[in-house]
Each structure stands twice: as C-alpha cells, then as structure tokens.
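**Q** Structure incoming, see below.
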Amino acid sequence: MYDYQLEDKLQLRKRIAPEYVHVIHHGISFCAVGSDGVRITMESALTARDRVGVQDFVLLENFTSEAAFIENLRKRFKENLIYTYIGSVLVSVNPYKDLEIYTKNHMERYRGVNFYEVSPHIYAVADNSYRSMRTERRDQCILISGESGAGKTEASKKILQYYAITCPASDQVQTVKDRLLQSNPVLEAFGNAKTLRNDNSSRFGKYMDIQFDFKGAPVGGHILNYLLEKSRVVHQNHGERNFHIFYQLIEGGEEDLLRRLGLEKNPQQYQYLVKGNCPKVSSINDRSDWKVVRKALTVIGFNDDEVEELLNIIASVLHLGNIQFGGEDSGIAYITTDTQIKYLSRLISPLNLEQAASARDALSKAVYGRTFTWLVNKINDSLAFKDESYKNPSVIGLLDIYGFEVFQHNRFSTFCTCLTVVLSSEMAIKDAVMFHAVSQWEPVQYFNNKIICDLVEEKFKGIISILDEECLRPGDASDITFLEKLEDTVGGHAHLTTHKLADGKTRKVMGREEFRLLHYAGEVNYNVNGFLDKNNDLLFRNLKEVMCMSENTILTQCFDRVELKDNKRPETAATQFKNSLAKLMEILMSKEPSYVRCIKPNDAKQAGRFDEVLIRHQVKYLGLMENLRVRRAGFAYRRRYEIFLQRYKSLCPETWPTWEGKQVDGVSTLVKHLGYKPEEYKLGRSKIFIRFPKTLFATEDALETRKHSLGNSPTLCPSPAVMIQSWWKGILARRRAQRKRQAVDSIRRFIKGFIYRHKERCPENEYFLDYVRYSFLIKLRKNLPKTVLDKSWPTPPAALVEASELLRKMNMQNMVWRYCKKINPEWKHQLEQKMVASEIFKDKKDNYPQSVPKLFVGTRLNGEEINPKVLQSLGNEKMKYAVPVTKYDRKGYKARNRQLLLTSNSAFIVEEGKLKQRIDYASLKGISVSSLSDGVFVLHVPTEDNKQKGDVVLQSDHIIETLTKVAICADKIHSININQGSITFTVGHGKEGTIDFTSGSELLVAKAKNGHLSVTAPRLNSR
C-alpha cells in the first residue's frame, strides 16, 4: 500500500527546494529533479501519486484549469483523502461516512508539527492556529464556510475536540472544556433543523471565541450568534422540520414533564410541526438526542428551575401555533380553540383573521428568537473567564459561516446570507494577496468585493438603506415600490440590474419582481416579495406588554419593560444584521485568519458518490479557483488586450481614435509610446500583465489628464463630433427644462385648488376637485369590501357623499345576491338552526360565543350506539336527533348516563335498551337553563300527568345544540327560560327541588348541604 507520509515529505521538500529532492525511505534511496522533471526509481510511488493527486492545489501544473482542480478533488475523494490545501486554506469534502482519522493517535500526530510536514487535516489547521497564537502572541480565528450539508458544524466540533484533548488541563480547565463541548448539542437542538439539503443544518450563524491562559489551556469562551431563521418556527417547506428541540421534547420528554407542559407525544398534534410533513427522520434519534441535551444543560450550569422555564417557553410556542381564529360580524377576530388562553383574543383585537394569525406567528417568532438569544447569553455566562488577575487571555475564534448558496427562489434571508459570504470571501482573497506580498514581494490583482459591500451597505445609497427608507416612509410602501426605488437610486450600478433595466436576453430569465447582483462568484437573482415584511419584523406593543407581565423569569429578561418606554422605532432586521456583521468583521479583522472551505460531494448524502456538476458549482461560489490563481500569481494587473486598448488608446496618437490591426500589436505600440520598460510588463496570448502598481497608476494619471483635453483638441476630437455632442446635450437640457416646467405647473394648480377646495367649482379648483374624485374612486376600487360582513368603506370627499352612499348600497346588494346564490340546502338548514340558537341564547348564555363557529350535527349518536330494542319501540316515529346526556335523580341527585332521543312528536329518555320516559311536545310546559357555561337544563312537565314522575334534570356537553334541536322539534322557541342564580323544578306529588348556580374556576355538579343541587361553572365571557 502506498505510504502517504512519503508523499507528504516529498511534496514538502519539493516546496522548499524544487530543484532537487533526495529522500531515503525504508532504506531505499532515490532522487527527484524538480525543474526538468521527476526522476524516481520507485515506480510504485509515481503510480500512487498519479492515483491520489496532489495534496496542495498550488502544486497543480495546470492550476488555472477548473477541470484539473475538480479531477484532483475526485482522485483524493476516491481514496478517502477528504482534505486538500490551497496554500494555507483547507478544502474539506464531506465523506458522508465515518473515517478512522479522528482518533487520539491522529491528534498526537498533528500536535506541534509543522503545517506542511503531514498530510492535510482539520487538526493541522487547528494546531497551526494554536501554535501561532502561542508563539506570535496574536489572536487567531478559523473561518469555516460551505453550503448546508458540507460539514461545517462537524468541522467546528473536530476543532473543539482537538483543543479539548491536546491542550493542558486541570480541574478548572476540564470544566471549561466540558462546557465548551456540551454547548454544541444545546445550540444544535435550539438552532439546527432538518432541511432538504442537510438533516442537521445550522439555521443561525455562530462565532465562538475560545480563550486561553498563558499556559495555553482553554479557560473560557464566548459565543456570538446572528441571523437565526425565526421564520422556521411558524413555517417549514415540504420535507423539512422545525428546530430539533420541539421533536426532542415531544419524543424524549418524560410523561410527567409532558403532562405539566400540556403536551402530547405526537408531533402531528401541533400546527407548527406538521407543515413540513416530516415528523420522523431516519438519521435522527430524537429520544436519544433529548437525553444528550438534558445532560448538556446540566453540565453547562442550568438549574432545574431554569430548565423548566425554558421548556415551558418551548411548549408555549407549540400551544400558540394551535390557536385558531374566527371572525365576528364586524370582521374582528377571536380565538375559537378550546384552550385556557381564550383571553388572548382581547390582546389582538381589533384585528381581522389574517392580521390575527400574523400577530400570533410574530409573537411565536419573537418569543423563540429572544429565548435563543437568552440561551446563548446564558451559555456565555457559564463559559466566561472569571480570573481577574489575568486580564487579556489569548483567543482563537471559530466562525461557522454560511456558504454562498443560490436557490431557485432567493429571498430576504438568502440576501443577508450572501452578504456574509461576500465579506468573508474578501478576507480570504486579501489574506492570500498579503501572503504573496510577504513571500514573493509581488502584488496580486484580485476581485475586490468592496464594490459589492458598498452597493449593499453604503449609507443613504446602499440597498439596505433604501430598504429601510421604504419600510419607514409613510404611504403605500410595498416590495414593488422598494424595487422601483432601487432602480431609481442604484440602477446605474455595474453590479446590479433588474427586469426593467436588463437587456432582452437577461429579461427572459428574470422575473419582474427580481433584482440581480453580480457577486464575485456569479449572478444571483433575488425576489423582493416579503422583503419589507421580513425587514420590519415588528411585534404589536400590547403583545410586548403581556410578555413583560409574564411570571416566567426568562421571558421577563427577554422582554424588558425599558423597551416599552422607548418610543424610538426598533432597528430593522437588515440593519440589525448589518450592525452585528460589522461587529463580527471588526472582531475577525483584529485576528490572524485561517480558512476551511467545506464541500458536499452530492445532494443524496451518499458515501463515495462524486457529483461533478454540484462540486463545480461549489468551487465557483466558494471562490476556490480565484484563491488558487491569486496564490500562483506574480503580476499586480492583468487585462485582456481589447479591454486595455479600449481604455488607454487615447494616450497614443497611433492608436487613437481606432486601431485597425491586431489587438496585441496595438497594445505593444501603446506601451512603447508610454515608455514601459521590459521588466515592467509581459504580453501573453490574450492579456497584458503589468508587474508594478506604480506603472499602472502612472498610466491612470496620464489618462485623467488627457480626458480634459479630449473635447478641445481638433486632432483628438474632430469638430463634427463636438457639434453632435453639443446638439444632443441641448436636446436633453430642453427636455429636462420642459419636465421641470410641467412639474411646477402641476404643483401650482394643486396648491391653488386646495386653497379654493370649499368654493363652488371654478377654474381655480377644478383640477384639484377632479383629482380628489379620481383618487377616491381609484382607492374605492382597490378597497371594496370582499364579504357581506365587511362594513368598511372609504370616507368620500364632500362632493361625492351622495354618490358614495349609492355605490355602497349597490355593492352590498351585489355581494348579498352573490352570497345567496352560493348557499346550498344543507348550509341553509345550518344557518336556520344557528339563527334559532342566536335568538334564544345570544347575550344570555355564557358559552354561546364558543358554539357559534362550531357546526351543528345531525345526531350525536349513530345507529350502532342506540339499542335496537329502542329503535323497535319507537315504531314508525322517525328519530331526528340523539345525544348522550347525564340525568340527575330527583332524590339524591345521583348522576346516571342516559340518551335523549328526539322524534317528530316526543322526546325520549333512554337507559340502554329501555324507554325510561316519554315526554310529548304538546305536554312540555317549558325548558329552564342557567346563564353560566354549564350544560345542565330542566324539562318541565305537567304535575297532573300520572305518566310523568316530575320535571327532568339533564346535563349535555352540547347544550346549545341540544336545546336548539329541542326548541325546533317541539316548537318551543319562546319557552326556553334562561335563569340567573337558581332554577326551581317539580320533584313530584307537590314537592319542589332547587338547582343553585355559581361561578367558579371549573365545572362541578354535586348535592349541597342544604339539599339543593349545586352547579359551579367557569365564566368564559364577561358581559
């Protein structure tokens, strides 16, 4: 088998002394000549090297070829060599399987060894940063980037494990090590989720500082998080899941814990967990992970009360998601679900259904997002370095950053993500440039990402500033107006285009609601839908007030009362992200960086599968080829001949205004005229290479000087061209002047019309009045009520009051006519029953509002639940309704299960197979029921009827529906008495009984000491 350590030593010596390499390995001597070729007597070594590729891409012969780059990756991946260098940058390919390269023996192999003396490994990067921190006394940082599923989180774990094993330790240090390691499963539980690309995808950015003392032992840490994907709490795409903690709690939580939290062991019961339709994942064991998280919380320092309150918040988010809303006649929303938080409906009034649902989701996202921030701060407290005698510990930072991911539909979150990657990529390229500046003294030309950063971040003119301005301005701001403002402000920028500004070819692949940024790694289209909403990320003030009043100590820390007193508008999401990113970049720029670029070999997460198309895409968007070219470059400036000649041809009379010959000859003539020395430049096949920046700067200065003389020199600018320019500039100036005059006239007429607006129509105000009428009609067309329950109507101007009222009536008649046409017989019957229930119970019975959104059913008992003997006893009488009830005996009030059957003529009380009592509707004197939320009612029957033993006391779980059915069948709509306090009924033989009703916290029916039947019921609605 080929010895890879031999390869490592060969390549190291070739790097140091490429002219000659002499190696003695296993007693065999052979040599290699680097400049004229390689001569090695061991043929097998050459064959093996051809098989596994080179360990550093800088050593590629064809370093400019992307195909050669990917082929080298393929060779190494096939041999399970997942790590390769580009200089000091580590490229890591996810193997999607366990490799035996992370043992303690491997850690010892890389410990304290020169970076290039061993084969590429994540441990080499970790050890190199550690040794640099110790020897150079300068803080370090390791930037890990890549697409979701490329292995970023695992890479950061390996680095932490390496420091935990190899660094000096003591009892105190061991505690810090344990907390550093245990912070990972906690942050993954609350911040990671299953996506289409990765079963354990980090949905937040994480930067962790590991602090070391003067001995080199880890003594503390600090975590900075940013851009948590809060929207995942309320919505997941198909095939994706919510954050892991929800499923871990439901699957792994103890029965007693779940009972206290009001949760069931079924994620399908919760609206926030069913949208992705993916409750189970084969690669994830939620129950086992729950145990790991609970242990980790204990190790980090959470006490039982904090864990309980934290889990209470998680459960509350799930309960919030299950809140459903109904709409009143006025359009105001209220909660319809039978939960203990019905009073929350008051907080969201007077919102409509859509606004109520949006407020619920906004609250859920805010609660989870702020709790996550609290969790990170809590972990930071446990990791804090508390030795005040040692003021400035050394630091190694770990940044787990997003990859430059481009989706079919890129929205606000992708926009923020790409900004992060652009900044980190600029750091990597600049670092490579500085490397060459030190080691080879040759400045290197590279793609400057600052132009993209300025386009996005620049104050007043950047995309984020424009987005914030559109969010804050009054009026009808929308995503489309933001796009239009973008076109007006930065539409001329070379790195931005929109459908409106693009050429015909580009428009075919761009939507009308998209803008395109030309990033360092390619073009990305962003859809503006949702930009304003996600950037505002606002929460209603009254919801904040409620959170501040919470008894949960975590929530009171997350929602500070000081926030309520601050009348200043909160920062937008983009501004918060930009500020946190600026803070992060400031931290990174103060440290010496190392880079790990992670690549996933396929989307199927299969071991051994190498998807060349997918990898080429990642190589491009990680900027690996540009990084390699920079590290191999030796010239400060390079440009294609045609571009160079087009820019500087005016500096030479022989090339101005046009050059008719070959481009290379024109460039050669130009540089000779400018006095370039032979050592200052080289002419390639298609480009000119300029070695020194000063040469280029001198050429640029000459161009700036020459620009001022272009319009005055007859040799450089013939007079016909000057005349055409002058004529065209005059046309443009006149057009601008005409537009200004028209604008001034319109403003003047509008102001004068406003002054005369209360006068009779006249020339002074006719323009204004016509505009007001037109504006009202346009506004009315956009805001017409959509349903008969919607009573909103725009306020008309004085001149259109009568016309507005006629239009309102016509619109209402039209909506009513259309609504009536759509009603089917079943729905009509339902509405008729609801009308009867409203007439009887509205504003009288406490639980009536809860029954309104619930449809009445035909029967509560099917044929199988009713004894056949009973059906036989009914004879020809057709059963119209049946419901299970509880009957209370006249003596002792003992509760007994019965069935109430309604036919056309009578009501029957049934016990299993026996007809216990028949009450003819004609003899039914009345029905009594309380005003509370209980289900107890009394059927009053004549005392002189020997067949009847007295009034019947019953209880139904569907009291509104049951009594409505009885009232309709017996035609006793006006015979239902709703009492407050108590109900008196006949027991039999002239004796009477009493039912006392009182309000309480829960429903309770029992015989009181005074011999009465006592009913206690909770009050659900205040009247």
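For all residues, glycine too, the Cβ spot is worked out from N, Cα and C.
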**Q** From 443-465, 581-603, 949-971, which range did TrEMBL mark with region 'Actin-binding'?
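**A** It is 581-603 that TrEMBL describes as region 'Actin-binding'.
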**Q** What mean pLDDT score does the domain 'Myosin motor' (53-704) have in the model?
**A** 83
**Q** From the DSSP assignment alone, can you count helix, strand and coil residues within the region 'Actin-binding' (581-603)?
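**A** DSSP composition of the region 'Actin-binding' (581-603): 9 helix, 8 strand, 6 coil.
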**Q** Could you check the binding-site residues G146, G149, G151 and say which one's CB has the most other CB atoms within 10 Å?
**A** G146
**Q** Among the binding-site residues listed here, S148, T153, which has the most company in the form of other Cβ atoms within 10 Å of its Cβ?
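**A** The largest 10 Å Cβ neighbour count belongs to T153.
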